[in-house]
Amino acid sequence: MSTASAASSSSSSSAGEMIEAPSQVLNFEEIDYKEIEVEEVVGRGAFGVVCKAKWRAKDVAIKQIESESERKAFIVELRQLSRVNHPNIVKLYGACLNPVCLVMEYAEGGSLYNVLHGAEPLPYYTAAHAMSWCLQCSQGVAYLHSMQPKALIHRDLKPPNLLLVAGGTVLKICDFGTACDIQTHMTNNKGSAAWMAPEVFEGSNYSEKCDVFSWGIILWEVITRRKPFDEIGGPAFRIMWAVHNGTRPPLIKNLPKPIESLMTRCWSKDPSQRPSMEEIVKIMTHLMRYFPGADEPLQYPCQYSDEGQSNSATSTGSFMDIASTNTSNKSDTNMEQVPATNDTIKRLESKLLKNQAKQQSESGRLSLGASRGSSVESLPPTSEGKRMSADMSEIEARIAATTAYSKPKRGHRKTASFGNILDVPEIVISGNGQPRRRSIQDLTVTGTEPGQVSSRSSSPSVRMITTSGPTSEKPTRSHPWTPDDSTDTNGSDNSIPMAYLTLDHQLQPLAPCPNSKESMAVFEQHCKMAQEYMKVQTEIALLLQRKQELVAELDQDEKDQQNTSRLVQEHKKLLDENKSLSTYYQQCKKQLEVIRSQQQKRQGTS
């Protein structure tokens, strides 16, 4: 065995040769397995089992092969890791020869996949975190692509192969076991199909641009917090067939154009149309200026506290900051159109938002709890979306201008009333006859302005009017008023029916002068008008409530129709796919028959 030959053409060397004399071929430290104290199994890699262990008083990850069939992947990863040295690539400490295993840097944060889609509780993360992860991934891959004398292609980029350290702020690429055995490993790997470039599974010649395609899918995934092509389901070949036919993840609502353009370029069917990883690094580095806070550690729901609400908004992404330092004057019931001043994680489940809206703090911050909403505009209505997808709705404006959008919004006329982010506010007539914007769920009819609350009146709600209206409590007097009815023994005014005391202060009938017939007539007319006014307001409130019920029913009907239409389209699509596959099968069958006949002819002539 020639060491020089093995070093110059390591890819052609046998696995046995390289294991027998790795110190002569590869640049790594040989570690005595007795120095390692294995603690627990933490997962699987491209080959073998990954365990957490202690080595020389520090945490390490050891990757052991389980069978001889994994030995080649082990050699590939050992060879590739011994070549690289980059802050965004997992570090190789050394290898053991008996038993065969790699000793690598331990990532306490686990994989990016588990952070995005793992078991509850899931951490909150901001758009800054999402962009930073993608930037670091691109930096690591760009380093691999720039290696000399021959570029190294990862070929299996996906969140399970991206590890997080330093509180989730630093990303490291791992699993190089597929770097030279793409056909035997990846085409049979269901877990990689969603991120795989079409030219890889099509059997075409591929270059480092296949990593660019995978990176574009990862960018979509960290922004939406959804699994790519999850709605397709079935075996891996269904995803491959869809990607082959041009299917890509749905575009993201409110995603800034520079990010969308970069992402869709990475998805291009033609590898030559995709940007290089070096170009991606330049673009992402430029865009990161608009995403501060990426160095803040990830926060989990159990770490959340009300006391730290105002300080954790920008670092944890646990709520949308409506009244932040730059937009303290912004407050509108239609919050869909209010750009947030920090990069938070937006949870869009409307029912949860409605419950949260009732628990607003007086500081003006709207706390959004974790939900399972999706930021993808064109996803099926019945799909179970992932949690806390990155809110990109206001980044485009910040990219276009370095100063944040600060146009004043119309505020509420009632303090501590915020409306609902996803609901269109209703115009409700207040007691003084002026329109007032309220959220749909808040069906209060009127209310005095702050500072106008009197000892006799308060802001009544529909419920108060319904249960204490003029027809059920004290109706307007129809008989002539007499001085005997004007006051009780304590001198309090009993001339005004109690129902009218729920009216706004300036609308309540005033006690008449008992010695003036004109005053008495005005008072009685005022009482009748007040009664009619209350009836109309009550009817308006009830009609509004009924309207909301009808709107809800209509929405449900539309959802049912959409579901039916979606199922019909999906059925048609499956039929077309079945027909296409059948045609393809027949073509392959004919080709096979032709090949067999040609072989038979050759055998006959020979």
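Going from the start of the chain as shown, residues are counted 1 onward.
Cβ atoms are placed via backbone N, Cα and C, with glycine included.
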### Task
Could you let me know which of SER67, SER378, SER439 shows up in Swiss-Prot as phosphoserine?
SER439
### Query
From THR184, THR264, THR403, THR583, pick the one Swiss-Prot annotates as (Microbial infection) O-acetylthreonine?
THR184
### Task
Name the residue among SER11, SER367, SER597 that Swiss-Prot annotates as phosphoserine.
SER367
### Task
Could you let me know which of THR314, THR344, THR444, THR466 shows up in Swiss-Prot as (Microbial infection) O-acetylthreonine?
THR444
### Message
I'd like to know which of these recorded positions, ARG44, LYS72, LYS158, LYS209, is least surrounded, judged by other CB atoms within 10 A.
### Response
ARG44
### Summary
Most Cβ neighbours within 10 Å, among the binding-site residues VAL42, VAL50, goes to VAL50
### LYS72 (ubiquitin cross-link) to LYS158 (ubiquitin cross-link) - Cα separation in whole Å
21
### Message
When you rank VAL42, ARG44, GLY48, VAL50 by Cα distance to LYS158 (ubiquitin cross-link), which of the binding-site residues ends up on top as the closest?
### Response
ARG44
## Note on the structure
Students should find that the Cα atoms of GLY48 (ATP binding site) and LYS209 (ubiquitin cross-link) sit apart, in Å rounded to an integer, by 28
### Message
With DSSP assignments reduced to helix, strand and coil, which class does ARG44 (ATP binding site) get?
### Response
strand
